[in-house]
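Colleague: From TrEMBL, here are the annotated features:
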type     : residues  : note
COILED   : A:204-235 : coiled coil
DOMAIN   : A:347-431 : domain 'Histidine kinase/HSP90-like ATPase'
TRANSMEM : A:14-34   : transmembrane segment
TRANSMEM : A:65-82   : transmembrane segment
TRANSMEM : A:134-156 : transmembrane segment
TRANSMEM : A:177-201 : transmembrane segment
Amino acid sequence: MTETYTPEERRLEWLYGLLGLYNGFVVLMMAGFMSLTQEKIINTMSAHAFLTTLPIVPLPALRGFLAAVGAYALLLLLGKLYRHGGITSGQRHLVFAAEIGVCMLLMRSLNLAYDGVVLLAVADLMHRYHEENQSWLLLGAMLGLYFMANYNLAIFQRHVAPFDVYAAYYRPEVQSVLLAIKNGLISLNIVLFVLYLVLLVQNKHHEKERIASLNKQLEEANVRLRAYAIEAERNAETRERNRLAREIHDTLGHTLTGIVAGLDACLVLVDAAPGTVKKQMEKIRETAQHGIVDVRRSVKKLRPDDLEKMPLQQAIKKVIAEFAASSGVEIHLVELGWPDKLREDEEEVIYRIVQEGITNARRHGKATKVTVTCGLEPGRFYIIIADNGAGCVEIQQGFGLRHMEERLALLHGRLRYWSDNGFTLEATIPMGKNAIENNREA
Amino acid sequence: MKRGFALYLAFLVFMTCFLGWYLTRPKVLTVGLFAGSNWNVPEGDSYALLEEGIKRFEAEHPGVRVKYVSGIRKDDYSEWLAERLLKGEEPDIFVVPSQDFDLYASIGALLPLDRVMNKDADFDPSVYYPKALEDGRCKGISYALPVGSVTTLMFVNKTLLAKEGIPIPDNTWTWQDFLRICKAVTKDTNGDGRLDQFGVYDYTWRKAALTNDARIFSEDGKSADFSSQNMEEVMRFMAELHAVSQGQEVTAKDFDMGKVAFRPFTFAEYRTYKPYPWRIKKYSSFEWDCIKLPAGPSGSNSSIMQTMLVGISARSGEQRLAWELLKTLCYDPVIQEMVLTKSQALPVRRDVVESDRAQELLMETTPGSEKMDLKTVSEVMVDCMTEPKFPRYKEAMNLADNRLYHVLQENSSLSNALSQVQKEINMYLQR
């Protein structure tokens, strides 16, 4: 038990301990008193007279005493389990039911002379009472306990040897003292219980306040975080726009400027020196060639970083692992086969589909488990992304899906998706001969 | 792994041993009963019948031993049993004192027998006299079986009646016959001016009430009815009977001297005093015999039956065996027959009582009882009454004895006096 207690909780635990100890003391006293009286009755030859005043044959003195003490020990143990044991809610209900059973047993073995132990069970119940929707349960349990106590008194009254009969063995003045002691013990128990309840309610109240204040802080932090996120996005956008502008300026601008200047020179020279123009034209072509290379390089920079650095398989594993780690979604990758060779654009499409697919599963489907399957069939490569999320009744094609479709269309691939037990997405890309034929047709 | 297996094996061996011991351990049944007769007559060996029963039972059930504590006097038995119960050490089967029967049945000390009775194919409750079996019931549930019983019969001084020339009444005689004979025999024989020959000794209103079908107590023992027509008849008859002796007290000594014609006796008393040596010691001067009690105008020649009940403890650990033992003691025809020879009581099995062998045994052990036909006794057993067994019965009856005695002495208005008695008894019962 590595729970850490606040001082308030510690005080509550201490009081509960006191309540348990006190009840143990009372149980011991009551059981002891009755057992000793029973022994005394036997020794003074008044057994027959005693029996005629009873509705049952009581347990033998020692056995009655042990039954009471044993039942109480069991009750304490169950109480401990109920309060601290690492058990599930269902098990806890079972434990509580057992606690009530033992409570009844104990009360019976004490001949209903002392019903304070019921309060101990109530204290346990109150201790575990957290959630709002349990209030009806609590009410039911309390009513049940109340009726149990009454029922005990009403039904079992005919089946136990009442305390008064034991007390009646003594002289009247002793009897009144005994009764006073008994009532005093019961009252003190109620006082302790009420004190415990007050402390418990206070404790719960403070805890609620603390949680409310924590909630507030969390919300503020959330708002700030959202603002940061928007700002960061905007920053990235601006940065990207600037970069694109710079790229266009540096590459296309530069090249086009060179081409325009070269063409101007050609226009001047075209009549005078066609040979020079030809040379010049070659230079312009070279510049344009350079420009194309530069543009390609720029476009390349927009490719995912991972794809730059590592092969597709690893990149996909990485993006899955990272997403799983950051979002908490359990993602399985089932690799049934990878194509030998892929073009860069194909790799990128595959990468993006996986990325978009698992993101959608988390974002729209609220899925907790996603299976990504990729494999080869003759003439095509396929990826299936299936999740256990909410899915949707009518699929509205958002930007993500349309984008995927567009990307796939460029490769003559196909995208299918449907919703049953979650959402499933299937993308196929033609490979090998098919792909070549397709490309040729295109 | 190896150690785990060894531990498991050891556990298995231990369990086997324990189970073996548990199943074959010697089983001990205990029986609770008192020394002396249940019927307040001297008895030679009060454990003889039980010993025989135990012998038979142990022979039929090898490995089972039956024990009993001897030497507990009848007066101490009730307290002894209560102590055992409080200590949780009560015998498996025990004789239930009749005044404690209702108490022990209602506090759950006795095992209800109906279920075992019905389940046991060997057991046929119809062989018992219904009243005897009924005596072991409380609120319709059987808690005990009878082992023996005695009925109350009227003792007749044959010598005295013969001297007076009066024939012995037959078994259908009435109060009127009774009163007539009493009047006829009551006289002063030696001329000293004092009566010295009497009609009856120890005939109480209880017996009169019984033979006049006056039901006094309600079933639960919470109320009494003394003001019924039958009860008035009883009191009027008692007053007449009382008047016969002209206020002179009849004593046991008069009876022993052979100066009294009638005296109600229990069967046990009859059997104890009839044979040698009791007959010599006590009533050597006259011949005597027994007939049924006289019938009242509203009643019959009924009699009161007392039974000795044996029950099983509800907490007995060996209830099946205890039932078998109870059956041996209370049901086995051989043991039932021995009731005649080993005790002063009558068997409670009708077939045993009515058998020729029983009559022979009775003749053997009780010589000189020509008149005592067991068929008559059997008839008495069939239509007899049993005493209520509610806890305060004895006290209430003693109270009634005392009050009614005064009513007889004072000769005041009968119905007023009776309703006064009823009020008092009711107050006592409902306290």
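Each Cβ is built from the backbone N, Cα and C atoms, and glycine gets one as well.
What you see is a predicted model, and the numbers here were worked out from it, not measured in a lab.
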Colleague: Would you mind listing the long-range same-chain contacts of the transmembrane segment (A:65-82), meaning Cβ under 8 Å and 6+ residues beyond its ends?
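Modeller: Same-chain residues near the transmembrane segment (A:65-82) but 6 or more away: 20, 23-24, 27-28, 30-32, 34-35, 59, 92, 95-96, 98-99, 102-103, 105-106, 109-110, 117, 120-121, 124, 128.
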Colleague: Other than its close neighbours in sequence, what residues sit by the transmembrane segment (A:177-201), given a CB gap under 8 Å and a spacing of at least six beyond its ends?
Modeller: 8, 11-12, 15-16, 18-19, 22-23, 26, 29-30, 33, 113-114, 116, 119, 122-123, 126-127, 163, 167, 170
Colleague: Where DSSP helix means H, G or I and strand means E or B, what are the helix, strand and coil counts for the domain 'Histidine kinase/HSP90-like ATPase' (A:347-431)?
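Modeller: The composition, in the requested order, is 29 helix, 31 strand, 25 coil.
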Colleague: Limited to the domain 'Histidine kinase/HSP90-like ATPase' (A:347-431), I'd like the whole-number average of pLDDT.
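Modeller: Computed over the domain 'Histidine kinase/HSP90-like ATPase' (A:347-431), the mean pLDDT is 84 on the 0 to 100 scale.
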